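Participant: This is the structure I have questions about; it appears just below.
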Amino acid sequence: MGPRSGSGFFVSRAAALLLAGLAAALLLALAVLAALYGRCARGAPSELGRCGVPDAGKPNATPEPEAVTATPDARRPSGPWDGLRLPPGLVPLHYELELWPRLRPDELNPPALRFSGRVNITVRCAQATARLLLHSLLLGCDGAEVRGPLSPLDKVWLAEDTQYLVLELGEALQPGSLYELQLSFSGPVYQDAREGLFVNLYTDQGERRALIASQMEPTFARNVFPCFDEPALKATFNITIIHHPSYVALSNMPKLGQSEKDVNGSKWTVTTFHTTPRMPTYLATFVICDYGHVSRTERGKEIRIWARKDAIANGNADFALNISGPIFSFLEDLFNISYPLPKTDIIALPTFDSRAMENWGLIIFDESLLLLKPDDELTEQKTVISQIVSHEIGHQWFGNLVTMSWWNNIWLNEGFATHFEFEVINYFNPKLPGNEVFFSNVLHDVLRKDHSMVPRAVSMKVENFTEINELFDIFTYNKGASLVRMLSSFLNENLFISALKSYLRSFSFSNAKQDDLWRHFQMAIDDQSKIVLPATVKSIMDSWTYQSGFPVITLNVSTGLMKQEPFHLGKVKNQTLLTHNDTWIVPILWMKNGATQSLVWLDKSSKLFPDMQVSNSDHDWVILNLNMTGYYRVNYDKLGWEKLIQQLENDHKAIPVVHRMQMIDDAFSLSQNNYIEIETALDLTKYLAEEDEIIVWHTVLVNLLPSNFVSDVGNYYDTYTLLKKYLLKRLTSIWNHYSTIIRENVAALRDDYLALISLNELIGSVCFLGLEDCLQLSREFFKNWMDNPENEIPNPIKTEILCYGIALGSDKEWDFLLNIYANSTNEEERIQLASAMSCSKDPRILIRYMEYAITTNSFNFKETNIIEFVAAVDVGRYIAKDFLVNNWQAVIERYGMQSLDTLMDLIGRTITTDAQVMELQQFFSPMLEEHQRPAAHAKLQAIKNKNLENKNRNARIAAWLQKNT
């Protein structure tokens with residue numbers, strides 16, 4: 001599942017309504033106290049303990065005031081409801097869950113779409129307790145009852161800030177006994193949020209339609225039904241969904257039965273489903289839709305892909321259908337564990353903020369990540385879909401079959417699923433260069449964001465619900481996968497898979513911590529003698545999972561001395577900064593003169609490796625971190641870098657592609673942060689006229705693009721002129737090759753994934769450098785598309801062609817793009833178009849664009865911040881600043897206060913003096929609250945200091961370019 005933002009809280013309706021009727025309700029409850037097993041807060045218990053629920057014959061009836069009180073912190077005593085974790089008194093065994101969303105095809109978007117439901121939860125009492133806590137958030141509790149020996153219910157109330165429903169009993173439950181909690185409830189179906197139960201509005205077959213779907217991970221099951229919403233509290237589920245007969249209902253398991261009920265002349269369908277295996281609440285899932293599907297059988301189990309009927313008819317689901325079965329079979333064979341459910345439904349939602357969710361038996365995707373037009377050959381989308389489908393299917397073992405015990409170990413789910421998505425892709429596409437793809441898609445981004453001062457280890461404690469949601473980030477996914485890949489690299493593949501098989505078998509349908517995983521790897525190590533580790537698997541891996549950041553490994557090739565230190569942003573020159581109590585235990589795979597060497601370990605701050613010394617020979621060189629399987633950056637002494645630079649100039653092909661990428665990326669990152677001189681990084685680019693691998697050029701260009709390398713301060717234009725001359729001379733060969741293919745036979749690139757993900761960067765850079773042939777190519781493709789929309793711009797170059805088509809055009813081109821935007825329903829395409837419209841060089845158009853953005857509803861504030869887009873381009877920065885003077889209140893109302901933080905970065909890119917800081921501080925001051933102004937001043941000072949660093953860096957770059965151009 002993709003990263004998401006946290007959820008919010010608000011006070012229940014009951015707090016406002018309860019006062020008037022509380023006395024009467026309590027008197028009524030007391031009158032029948034002796035006769036009941038449990039207590040309903042109002043009225044006598046009826047079927048399934050429902051008390052005071054809306055009339056079943058009136059599906060849209062307004063519920064009576066709930067009898068559950070929301071107790072503020074100041075009014076309630078301290079107790080178990082104050083903690084993040086549930087107390088250990090109850091263990092859920094089984095849920096009987098019924099949900100009834102009131103969605104009708106003739107009432108697609110009511111002002112307040114709601115659902116009601118009932119749940120019976122069978123629990124075992126593990127510790128004597130008279131206080132029962134379940135999770136419940138934003139639900140009205142319409143009735144509650146506890147059935148079992150000696151279980152009178154005295155009081156029911158909500159602790160909203162900690163999201164608990166509290167049932168207080170007259171007597172303690174007995175350890176070892178079984179009880180049934182019976183609850184009836186109601187709640188909202190969300191329209192803007194994508195958590196709990198939510199609605200999607202969309203167009204299909206020319207009609208406006210709606211569907212309802214669910215998103216429970218990590219802590220949103222409690223938004224749908226009262227439950228024990230922690231991953232270790234697994235239970236089985238019997239699910240019933242009541243829905244309009246024109247819709248189909250889907251859930252984790254196959255349909256068990258279907259019946260019809262008449263409610264005041266309205267027909268409703270009741271669909272029941274088979275019992276699930278034991279699973280956590282976050283995997284329970286529901287969809288109600290009017291969709292079509294395609295299906296196939298894989299090893300006797302049905303796989304269905306569900307999507308809009310238009311998409312099914314056009315064959316857009318066929319690619320996903322054809323790859324899903326073989327992926328299941330590959331992972332079954334790899335782990336020797338069969339997929340335990342009898343079916344898999346995979347559904348494409350028009351909009352799904354979480355991107356994809358691995359629900360057992362019903363996997364949910366955003367349709368942009370699952371559907372593919374049959375004739376869309378020229379796109380990296382095939383690989384993207386393959387990766388994400390592989391990721392979610394991988395979760396069927398890592399996450400669903402074996403679930404982490406608590407959210408601090410969510411990386412066990414996401415890290416392994418991410419790792420195996422690439423294993424699957426490499427298996428089915430053996431020609432795909434796996435190391436280069438992993439670096440480009442995973443490692444590159446996380447190394448840029450990770451450093452020693454980031455307060456984020458892969459495994460870390462969480463103190464509240466917001467922190468749980470924030471765990472779904474680049475560190476859990478990308479860093480987690482990188483550590484799994486590193487673990488696999490210092491073991492052999494057979495040992496790695498053998499340990500995982502043992503782990504998965506031992507914890508099937510249960511939960512595990514990372515120590516459980518390390519124990520099974522240690523068992524595999526202890527059962528053989530070939531691989532010897534310098535410490536236990538736990539000691540090695542804990543040094544990576546419990547520490548933030550990563551090490552820089554520096555090798556002195558003259559002496560063979562290797563050392564490690566934490567990677568810091570802006571390291572102080574000639575100073576080793578140590579903030580960690582321990583070092584990492586680092587596996588060093590390496591090569592010498594192109595030959596792979598034996599694994600060594602750096603398990604202390606420094607260590608001598610005589611075999612790594614090099615001679616004076618022109619062909620003697622060493623590269624550390626073979627295939628970039630280690631999660632660290634590599635530095636060398638002056639001689640080590642000189643040897644590699646010399647080898648690149650003599651015969652760059654002797655150094656594998658992934659290591660040409662690695663050296664350039666490491667060198668520029670290290671120079672940016674004062675580990676090496678910028679001149680060393682630049683020296684690595686001298687050979688580039690001979691470089692014919694576009695993925696290496698991609699790495700070069702992301703490091704040499706203005707936003708990464710050339711600052712907008714000081715001698716920017718001098719540097720730009722020199723850089724243009726230096727790079728275009730070296731880009732000629734690679735540009736001529738790919739521009740010819742683009743013009744003559746772009747379809748020839750359909751199987752070249754590395755080219756497909758690199759072409760936008762190539763075109764954007766070459767056009768930025770002002771090569772007329774690139775600008776002309778942009779004009780040609782944009783004009784052909786305007787003249788005939790069937791002449792679609794090829795997807796791999798579309799972003800930059802759109803941008804330069806607008807930059808080189810006039811009102812005519814801009815209005816054409818605005819019209820396309822207004823009629824597009826694809827969120828990804830809308831973002832691409834909105835960004836391109838900000839590329840105009842005409843101040844008049846940009847002002848019109850920003851006015852349009854804050855005065856119309858065409859621009860979804862969630863998908864695009866137009867002011868930020870405009871401020872990000874050179875000419876737009878000043879225009880956006882002037883626009884804010886008179887429109888800042890409208891901008892904040894549209895995009896929120898957080899947009900000012902980004903705009904401060906963008907507008908402040910040129911400041912280098914205290915006077916400029918004061919000028920911008922005065923500019924932003926009216927937009928900020930008093931308490932926000934000191935932080936804004938500090939931020940502007942930090943921007944100024946960074947710009948001064950860039951100014952000095954630019955001077956050195958310009959001097960180097962002057963010398964080498």
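Glycine residues also receive a Cβ, built from the backbone N, Cα and C atoms like all the rest.
Because TrEMBL annotations are produced automatically, they should be read as predictions rather than curated entries.
Note that the structure is predicted; figures quoted are calculated from it, not measured.
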Participant: Need the matching range: TrEMBL marks region 'Disordered' on one of 54-81, 250-277, and I'd like to know which.
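Facilitator: It is 54-81 that TrEMBL annotates as region 'Disordered'.
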Participant: Would you mind listing, in sequence order, the residues at least six apart from His395 (Zn(2+) binding site) in the same chain with a Cβ closer than 8 Å to its Cβ?
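Facilitator: Long-range Cβ contacts: Glu358, Asn413, Ala417.
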Participant: Can you give me the average pLDDT across the domain 'Aminopeptidase N-like N-terminal' (91-283), rounded to a whole number?
Facilitator: 95
Participant: Suppose we draw a 10 Å sphere around the Cβ of Glu392 (active site, proton acceptor). How many other Cβ atoms does it contain, all chains included?
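Facilitator: Here the count is 28.
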Participant: Near His391 (Zn(2+) binding site), how many other Cβ atoms are within 10 Å of its Cβ?
Facilitator: 26
Participant: List the residues of the same chain that sit at least 6 positions away from Glu414 (Zn(2+) binding site) in sequence and have their Cβ under 8 Å from its Cβ, in sequence order, or write 'none'.
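Facilitator: Set apart from Glu414 (Zn(2+) binding site) by at least 6 residues yet with Cβ under 8 Å, we have Met1, Gly399, Phe472, Thr476, Tyr477, Gly480, Ala481.
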Participant: Enumerate the residues of the same chain, His391, His395, Glu414 excluded, that satisfy the criterion Cβ within 8 A of the mean position of the Cβ atoms of the recorded Zn(2+) site; list them in sequence order.
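Facilitator: Everything else in range on the chain: Met1, Glu358, Glu392, Gly394, Phe398, Gly399, Asn413, Phe416, Ala417, Thr418, Glu421, Tyr477.
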